[in-house]
């Protein structure tokens, strides 16, 4: 009996030493796969149905339309108008992809298109808008990112539909694409315009 317990003991010790490593690897793999499978656009915004943040942001200096400085973000600008608020940056690759779609949206005068320039250098932001055209009637500069936090932004680009009463009715996480523009964003805009 003592021979069996002696021979089983090293195997048991080895197993007990390897068990935490196996558990760690298993948890790491589970975390990795779950992390990659999440869709951030499915995370509901706590701001839906609530008033848009009372955020005042300075204009992007030097950005002009018809030889007039494009105004910054003023909370009063949302009252009585349906607005599409896009949080963007020149360093954001998906922002470059969605820029032509925003330019097309900017032609629709039934609503105002507002831009929040997030943690960007002014020269780069102006160059970005010069390259694609400025679709925004207002561009507020959020140099430190605090205003975007108030809007519930955790990455760029993000787009919000704000109703006439100044309440957020929809939030799109990620870039505007032809698919989500047609299937989600435009229907949300039409609903807000009624």
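Placement of Cβ uses the backbone N, Cα and C atoms for every residue, glycine included.
Copied over from Swiss-Prot, here are the features:
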- 1-37: signal peptide (SIGNAL)
- 46-190: domain 'Thioredoxin' (DOMAIN)
- 92-95: disulfide bond (DISULFID)
Go through 92, 95, our disulfide-bonded residues, and report the one whose Cβ sees the most other Cβ atoms within 10 Å.
95
Going by DSSP, how much of the domain 'Thioredoxin' (46-190) is helix, how much is strand and how much is coil, in residues?
46 helix, 38 strand, 61 coil
